[in-house]
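Undergrad: According to TrEMBL, the protein carries these features:
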ACT_SITE  D229  active site
ACT_SITE  D631  active site
BINDING   K199, E200, D229, K406  UDP-alpha-D-glucose binding site
BINDING   K407, D431  Mn(2+) binding site
TRANSMEM  108-127  transmembrane segment
TRANSMEM  134-154  transmembrane segment
TRANSMEM  708-733  transmembrane segment
TRANSMEM  740-763  transmembrane segment
TRANSMEM  775-797  transmembrane segment
TRANSMEM  824-848  transmembrane segment
TRANSMEM  860-881  transmembrane segment
TRANSMEM  893-913  transmembrane segment
Amino acid sequence: MAPGGGEGRRNGEQQANGKSNGNGCVCGFPVCACAGAAAVASAASSADMDRVAVAATEGQIGAVNDESWVAVDLSDDLSGDGGDDGVAIEDRPVFRTEKIKGILLHPYRVLIFVRLIAFTLFVIWRISHRNPDALWLWVTSIAGEFWFGFSWLLDQLPKLNPINRVPDLTVLRQRFDRADGTSRLPGLDIFVTTADPFKEPILSTANSILSILAADYPVEKNTCYLSDDSGMLLTYEAMVEAAKFATVWVPFCRKHGIEPRGPESYFELKSHPYMGRSQEDFVNDRRRVRKEYDEFKARINGLEHDIKQRSDSYNAARGLKDGEPRATWMADGSQWEGTWVEPSENHRKGDHTGIVLVLVNHPSHSRQFGPPASADNPLDFSMVDTRLPMLVYVSREKRPGFNHEKKAGAMNALTRCSAVLTNSPFILNLDCDHYINNSQALRAGICFMLGRDSDTVAFVQFPQRFEGVDPTDLYANHNRIFFDGTLRALDGMQGPIYVGTGCLFRRITLYGFDPPRINVGGPCFPKLGGMFAKTKYEKPGLEMTTKAAVAKGKHGFLPLPKKSYGKSDAFVDSIPRASHPSPFANAAGDAGVVTDEATITEAVAVTTAAYEKKTGWGSNIGWVYGTVTEDVVTGYRMHIKGWRSRYCSIYPHAFIGTAPINLTERLYQVLRWSTGSLEIFFSRNNPLFGSTFLHPLQRVAYINITTYPFTAIFLIFYTTVPALSFVTGHFIVQRPTTMFYVYLAIVLGTLLILAVLEVKWAGVTVFEWFRNGQFWMTASCSAYLAAVCQVLVKVVFRRDISFKLTSKQPAGDEKKDPYADLYVVRWTWLMVTPIIIIMVNIVGSAVAFAKVLDGEWTHWLKVAGGVFFNFWVLFHLYPFAKGLLGRHGKTPVVVLVWWAFTFVITAVLYINIPHIHGPGGKHGHGALGRHAHGHHGGKLGGFEGEAYGWP
């Protein structure tokens, strides 16, 4: 970690008008700008994790990587531990804000405006120099270049103020962990969602659950909820097995400070697992736990067969006749209430009752040490806390005729169910293929919820990191230009957007509450907040902490009518206690979580299919419906209320998931994202019409995220028409001048310099920048275009759009080749357009080459620019072509040979078939050569500026 109290302390001290005395301010908020108080009251606390684990992992929180630290600017007077001398523990910030070095940021800002001016002059030149021979071509190209420049500007403006925020776990422990081993940290509910145990490997889901149970967070404050939308017994029994293995895995992690805490990833580490650990008991413990894990995997892999065999045995014993429903049976001899192996009425996907089962009960508040080593149990856990966090299996009710709203509906059901059971003030959501890679991730995220002025933070977004991606990242799965560039920059405005997984929420923001105060200016433009924020208004959140609110009842402060939350009184009663801290918390609520039959029945009731009917769920409450990208629009609805968000990037990475490395699955994934973005644009959530609480540059970012698929319309034109111009003889630019080349050089040069600077402050590599640009071309020519067509059909004909679940189950042989799925070719209609573009550019280049050889064009140097642009397009589509060739595409030479073969054949045919080029010979098109380079230069002026604009 870089030293220093940093910018976070400086900002906090500038805002503070008084010193904290450990109590909240008179305004009712424990952390506020008017008092500068840093103490956060909380309910009963938990035991600390094992000291060995703490010591092993305490220094592991830092920036993304060493490269990003080069761009950090720390003031000398506030850096180092000495900066906190004399400052009370309760007043020390739990995170710090670090500015990017001016040597990188100032030139970056200047070049953005220099390029904007150069591009404007370039467009003016293009408008003033018409091509009367092809007016339609000229008009279309002007429109395209204007769009590319506008889209580039939308992408660049929100990047004017990138910053780094670094959590300080040492201060967090000093402030919230007590000497007796308990903790004052707030409760945390973790949501994991899965929809199909076959497309989403059940072993991956189990590893995700195990990593959550082993995370370094107070045990009784951490609750894990698994939502199973399939309702299959296979998922439930896999979680039962995971809970059993957790009794060994979790104490082992705490005893030896294991990282990462997903067992599959830990046991696959290539580095020596005994490095730095000389204890003999570690070697023995690891060997024993590895054996237990292998047996656990064998049981998981055999579950499907065991369930079918067990069910057949029970059904045979009942003497069922042909045609009678054949039930699926649990291990205890009772019928499974969800989806059966052989579907039947009320027991099939989309038609089954709701299920809430507690797999691991809520733990006690005091440590429980394990048994010492013995002949039956060789693992010595006598000095290790063996408690496990609470684990709950949830499968919401599904019935025909109801729109269950996919993942958004599942998240809303989990929100209500968890409110009835544990009602933690903070919620973390993870996809089932994401596991906790850094055991300190939960503490790192909570730092941004407990710091100074953090009561206006709605959510903390972690970057998505992936494993199993091929070393060359052929389809830009890591997408670090977006996560480490765009999201980091937005943290300097109103905050990063919500990207679906790895996000820590403040629960009350999901209930429609407004922030206690609004400052949309952020650290970049603090004075801007006064221009847009209301000066006098009474917030529901403010009433929650006043005596008047308590006097008039728990429901007196709700931001929406009580009926908007549904008919469950138990759920509505939990809302007042959802804030942190809450004046409605009572001793009974601190005594522990109640999981009696009545509570479980109520938890099932709030997950029924009809619960949300005539309520505000999906519109004003919870995750928003109406789009396949419910994540973006949900975060947007919070931002337009004035809430802020923060970006938390730590190293080692907080969470790691799996990404589809197969070309077809990757294109379908991008199609779903781009379609959802356009759905937002054509809905009432269009950022153009958002409230004035939205930071102006934040609005620009949302406009960019909802309009980028439109680029496909113009990109298709610019990747085909220039090549066809070699055949037709009509070009965009008729007579390029010296100023044309000057503007073009400035536009291209500033683009490259901006890329270098962005790569530097974002901490990514030039190769990742190039790879991102290549896949941007592929996605724009395929998925983006399809998204535009689908959404237009939806808007015009009112037809819903359906998507299949992205398969995370590899199709290749992973034992022989971990990247076998990369070479599996699954044909899809999304591949048609890129194939056509490849063929058109090869043919166009071949025709130009043939015309030079045949003497039709004598100025062959002028053709070189156009041919260069064609090969530039082919270069960007190279990963697509390589993936299209399947396993044979592993050798790059094959792709080049096919391109060269097509090129030569086309050129030879053109020269030897007279009727194609006519009898004119070298004089037939003598003037065309003068315009070839100008045509493609005009394209580069607009298009190249966009090539790497959107990640």
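Quick reminder: no glycine exception, Cβ is built from N, Cα and C everywhere.
The structure displayed is predicted, hence computed values, not measured ones.
What does the local environment look like for each feature on the list?
TA: The Cβ of D229 (active site) has T193, T194, A195, D196, S395, R396, K398, H404, A410 as same-chain neighbours under 8 Å, each 6 or more residues away in sequence.
There are 24 other Cβ atoms within 10 Å of the Cβ belonging to D631 (active site).
Its own atom aside, the Cβ of E200 (UDP-alpha-D-glucose binding site) has 22 Cβ atoms within 10 angstroms in the protein chains shown.
Below 8 angstroms of C-beta separation, residues 475-476, 667-668, 670-671, 674-675, 677-679, 682, 708-713, 715-716, 719, 829-831, 833-834, 837, 873, 876-877, 879-880, 947-948, 950-951 of the same chain, each at least six residues beyond the ends of the transmembrane segment (775-797), sit close to that stretch.
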Undergrad: If you measure every Cα to Cα pair among K199, E200, D229, K406, the residues listed for UDP-alpha-D-glucose, what is the largest value in Å?
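TA: In whole numbers, the farthest two Cα atoms are 15 Å apart.
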Undergrad: Find the shortest Cα-Cα separation between D631 (active site) and the binding-site residues K199, E200, K406, K407, D431, and name the residue that gives it.
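TA: So, of the listed binding-site residues, the one sitting closest to D631 (active site) is K407.
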Undergrad: Could you check the binding-site residues K199, K406, K407 and say which one's CB has the most other CB atoms within 10 Å?
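TA: Max Cβ neighbours within 10 Å, all protein chains included: K407.
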Undergrad: Please work out the number of neighbouring Cβ atoms within 10 Å of the Cβ of D431 (Mn(2+) binding site), leaving out its own Cβ.
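TA: Within a 10 Å radius of the Cβ of D431 (Mn(2+) binding site) lie 23 other Cβ atoms.
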Undergrad: Return the member of K199, E200, K406 nearest to D431 (Mn(2+) binding site) in space, with distance defined Cα to Cα and candidates limited to these binding-site residues.
TA: E200
Undergrad: Can you grab the distance from K407 (Mn(2+) binding site) over to K199 (UDP-alpha-D-glucose binding site)? Cα atoms, rounded to a whole Å.
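TA: One finds 15 Å between the Cα atoms of these residues.
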